[in-house]
Structures are given as structure tokens and as C-alpha cells.
Amino acid sequence: MQNKVLRGILFKNVPLGYSYNRSIRHPTFGNSIIRWASTQVKTSSDVLQRSFDDHLYWTEINKQNYSSKEGWGSITKRLKGNKLTTNRSGLFNNEYLTSPEGLKLFSQVSLEKSQKIVDKLRSDRTPEGLRLYVQNLDLLSDTLCRVIDLCEFIRSSHPDYKFVEAAQDCYEEMFEFMNMLNTDVNLCFTLKHVLENKEIASKLSEEELRVGRILLEDFEKSGIYMKPEVREQFITLSQSISVIGQEFISNTDFVKDNNVVVSCNQLDSLGIDPELLSQIEKDIAGKNYKIPTYGYIPFALLKSCPSEEIREKIWVAVHNCSNEQIKRLTDLVKLRAVLSQLLGKKSYAEYQLEGKMAKNPKEVIEFIKTLMDFTKPMAAKELDGIAEKKLTIKSNGSNLSVCDILKTVRPWDRDYYSAIEREQTSAKNLYGSEEVLKYFTLGNVMQGLSNLFQKIYGIKLELDVPKIGETWSPEVRKINVISEDEGLIGIIYCDLFERSGKTSNAAHFTICCSRDISPYETEDSTTQIAIDSKGTRFQLPIISLVCNFSKTMISETDSVCFLHLPEVETLFHEMGHAMHSMLGRTKLQNISGTRCATDFVELPSILMEYFARDPRVLETIGKHYLTKETVKREMLEPHLQDLKYLQHCETYSQAKMAMLDQTLHGETISSHLDHLDVVKLYQDLERQLGVLVDDKSNWCGKFGHLFGYSAVYYSYLFDRAIASKIWGALFERNPFSRASGDKYRNSVLQWGGSRDPWHCIASALDKPELAKGDDEAIKYIGSTNQL
């Protein structure tokens, strides 16, 4: 999952508030300029693998972060001559970020710097000032976004609640400030003048023109041409949406009830594993089990409990959220509908889809419907076996139509009957899941990714030991991304092991975007700067990858993280985003890396999933953690086939979620604001669309993407269709082809968001007609059965 590559409104993702005081004095820190050579650990070639797999090795080389337990205290006590001691730093090597107070100071300093840039933008009307206008807008965007992105990450992953609170405060403040800028008539009209004046525009680069147009569109989406009171309403609504949205996303993991009560006599009589039952708490009287709705127990029962009544109770409870969460979603949907009305749009979807590859809600809905029509019969065919087993057990016979199948199989049936089916076929697979796990340690997969990237892109991943305080947990690995041509091109902080309090979803967080450092920039930077082979200074892209992989004890003192194949796929997916961030180097940050159209941003990550499912790639990665023996193809194949189990049902489920997203942000919402029932809309849509129908739970309140990917959730399916075309054209024959890697890199990755996505696809596929991005192009992309 990509974090906020949705740009939101002007200047990138999200917006902030502001407390500016010219009298504030703050320390300045020297630039950290890194030339071609990196500072990674220079030992044997297995360092990267060992750093993830050998805990004793990692704790030894990173012992400074394991032993540093003293509180950092106030930043002012630690500053010595405006610098920290050389072996200490703050988060992401930003020397402000050693404490929550330091984060607030960094935010305040950034606002002060931003205000100076705004003052210059408003006052400098010289020819040179107008020529540099877009560059300065981009610098303003970068200054604000480096706080916004940082705060977004800290809110999701930092273990210190005081840091999280400080991040929330800074985020909200910055959000307000950015929305003020988004509705600044002076800034907008000057930008419009720069773009429309032929003499000025002729001196701008293609990148500057593209960024200028994007920012002008953002101004216009903020109601810039409307009356001042309307613009004020826009700011208020946007800020309310941000606050409620953050509350919504922070509560998607919570269930309505912590347990389901089932009679002991009823559950004990069903032949369920006694060891599993022994782990379930009973009530005081000892007559009822209190089945938890979290952890592995409810899912184990969904696989093993023959009673449909009990399975349904468990499944619904696991997927139910609180009434308060439904109210948050309802308020979020209402506010977005009001915002779209304010801006003269028929729906929030219409507002959101401006500037996307699929240009309007009609195109999106047609794409989803076409995909559903194609997928539904195949999903029914996949469920046929489950339906027959269910009806056979009920002694009702079989020979079912598509309609009968879809009415028979409910969501709480899937795991139970799938387990029966797999148990009956398990004898065909000589290698159990546990055996395959032993070949795919996290370290093996990370080293395998590095080897793959070196083959197709000419870049590799190298370990670097972080300074004290540079990471938020000693378990975080710092990885330098090294190009064979240019040396260090970016940094990835890998927070991959499970830890209490962190986000439960795998995610790619942008911390700092790449951009060229202009010669006229003289102020010191708090981020790392590199120099490329042409002598150009550029801001290193910095990202954080977050996963929740668990470790397995292999002895009394040692543990290893083994990855299931779906987890390998997850890591490849997030690394796809990472490569986009690293290789999408542009002169301006507004269009670097993942700063591209929302319905294009998932392409690099989804394409990487194809590599993760290719046995040729997996054979180069899988090595037994003890014997170092390479995994055999015959061991992999059954598991790769298993990954395809009910794949069309999964695709249809994604399509249903995309349709729910369009429904909750569609035209009908505005006419139901006084009596909006999001749960009824969800359940009615489920009944209408069919396939594993859920008309019992209020799961829509747990659909977190309704905040981050509002009206654009279809992007996952859309980009999956594009990825299938690119895989077939470039990598299916040889996944290690450098020629294909270069073509893909040069056609897609290197552009970030600086090129029309349809032109990128047309170039990658050698189909110039796709550059139009018209109905025929969308139809071509949708004509695939390899999702």
C-alpha cells in the first residue's frame, strides 16, 4: 500500500496549520552532502541477508541503538555549537527529531521558512522572480511536505505516544496552513499569469510547465475563483475531513464486540480440536465459551467449525465495527458530498477524478462493471466445489446454476469448506507449507530483491548502520540504494518486524522526495543531499517500508523470520513503490517518484507481484536457512498454484470494494444527507452484486481505503490490468532481462509524475495509439484475464 501518494490539494498530499513568529530563533545544521561513495557496512556479500536473519549479528553491529536507553530530553540541552555529536542524530538523520519537542520545533521552523517563501512569491514580480516562480512554489511544497509526510509516518508507526501526539498536532496545524495557501488568490493569479504569458512560459522547462499546470488545477479544485466566504468554507471542510478521516483510519482495526458467546455444550459436541477449545475463555458459570474476535482463534474456528450458525456469528463479529466508527464514516461521506457541492461538482467522485487516467465516474464505473461481468462466472465456477460440499453435507444434492451457487455459498463458508477441500488434496503435495517456509527467510528475500534489481536496473541494496536516534526502533534496518552509475541514490528504512502499536498494514511512507537543489538555494538543509555523476546536487529520496512479519523461535536464544509466499509478494509489492521513489528522479519534488496520478501509482508495486509469483525468480531467492540448499521447482509449484485458489473471487471482491467506494462518493449521496445510512448502502450493494454476499455485518466501517483512496480505489484493479500487459510484453519471457528492465525504467519509472501516464504505457508497450488515453485505450487495458 502506498501511503499518501494521493496528492490531495495543492502542493502534494495534505495541508497544515500555522503559527509563525518572526522573532523565533532556531539552530541551523550543516548539510550532509554525500558523494558517490556510500557509508554502508563493507564486509562480506551476505551482510544484507545476515542483518535480517542473524539477530546476534545485527545486535552486535547496531549495539549503540540497543544500548541507548536514556531519554533524549529537550533538544536544546543536546545541541553543541548547533550540532549534535557525530554518532547521534534524530529520526531519519534530521537533527531536530530527537524528541517530540524537536518535532514541534522542526515544524515551526519549516513554517517560518515557508512564510518567507510565500512573502517572496507575493512580492517578487521581477522577470527573474517570475521565471523562478514555479521552482519556488515547488520549494514551498517540499518544505511543507517534509513535515506533513513525516508526521503522517510518525502517527502510524512510532512507538512513543508523545511523538504521535506531537505529530498529530503538527499535522493539523500544517493542514490548515496549506489549505490557506491553496485558496490564496494572489499566488494563483500570479501562477496563471506565468503559464499564460508566452515570453515567461517559453523559458520554463517541460517539468516546470507540468508542475505549474498541476498546481493551477489544485488551486482551481480548491474553489479559488469563488467568493472569499466560500474559500473559507473550503478550508474548514477540508480540515474537518482530515481530522475525521484520521480518526476513521485509526479505528479500522477495532471490532464492535471483543467476544462471541457460544454454549459450551454446543461447541464441545462438534468435534473441534480440544487443544483449540482449551485456549478459549469461559464465562464465570463455565457454561459458555467467550470466543475472542481478535487473534488467531476466531479464524481457526472459521476453518474447523461445522456449525454454520456459529461460523456466521463469529464471521459477522470479526467484521463488525462500532457504531461510533460508522458515524465517523457517515460524517466523512457527508462532508465530502458538501465539499463537492460547494465546488459545483455533482459528486465527490467527479471532484476526485479530475486529472486521473480514468477521467470521470462514468468511465470508472464502466471499467468496474466490465470487469465484474467478465469475472463473476469464473468466481461462481471457483465456488462450485464449495457449494456442492455444503449441499452434500446438508443432503440436498448438487447440479447447481450460477445463481444457486452464489446464493448457497456465504462468506463464513469459504474458509471451512476450503479447508476440507485442501485436506482432501494435500496428499498430492509432498512438501508442506512449513517446509517451504524454511527457504524464504526475510534476509534471503531482501538479498534476492537486491540481486533482482541489480540485474534489471543496475542498482543494489546495501546495509548502513544508523546513528543513535536515527531510527524509532533498534529493529529498523537502514538500507542505502546504490546505482552502478551514480552511487547512492536514496535511502530505505525497513521496519519489517511485528511490533505492538505500529500500523497493521504493509505500507510505503514517503519521508522526503527527490529533487534537484537549485544553485540559488543557500539555506542549510536538514535532510541528506547527494551529488550525481553530472555534478548536480540533489535531495536524496528517503522512504520507510513498514510490515508486520513475525519471527519463529529456532532455539532457546535465536529466532528467524520466515515468510509465507503471500508475505514474499507483499514485500515485493512495497519494494515496487520503493523503486518508483528511488528511480523517479525529477528536478521538482511535486512530480518525483510516486507523485503521479493515483490510478497509475500502484503499477510499479503490482508489477513486482508478478516477479514474486514467478518460479524462476523464487528459485534464485529460496535457500534453506540451515543447509543453504536452493529451493526446488517441484516444491514451489503446488504452493504457487495454491496462491491462485479462488483468485477470481478475490478479484470480484476487489471490484465490489471499488464499486462501494464509487457509491459512497457518487451523485446520490447529496440527496440523502439528512438520512444517510452507509451500512444499508453497503449491504444493498452486496446483495445486488453477489458473490460471497455480506448483508449481515457493517464491514464498510473497517474499509480504511475509503479515507486514503476515496473515489479512486478502482486504481488497484486498473493498475493490475496495466501490469499484466507490461509483464506479458517485457518480462514474461525473461524476468531477469536488463534490456526489458531498462525499457520499463526509461518508459515508466524514471518519469515519476512528470509525464502523462498514458504516454508511459504507450512507450512501454510500443503501442503509440494508447497515448490518447481514450475509450479504446481503457477498453484495451481492461481486456485481460490475467488479474
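Our numbering is plain: 1 for the first residue shown, then up by one each step along the chain.
Here the Cβ of each residue, glycine as well, is placed from N, Cα and C on the backbone.
The feature active site is assigned by Swiss-Prot to E574. Look at E574 (active site): DSSP puts it in a helix.
Feature annotation from Swiss-Prot assigns Zn(2+) binding site to H573, H577, H580.
What Swiss-Prot lists as transit peptide is 1-36.
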Cβ proximity for H580 (Zn(2+) binding site), under 8 A, sequence spacing 6+, ordered by residue number, returns G593, T594, V601, P604, S605, L749, G752
Residues near H573 (Zn(2+) binding site) by Cβ (under 8 Å) yet at least 6 apart in sequence within the same chain, in sequence order, are A506, S605, I606, M608, E609, A612
Counting across all protein chains, other CB atoms within 10 angstroms of the CB of H577 (Zn(2+) binding site) number 26
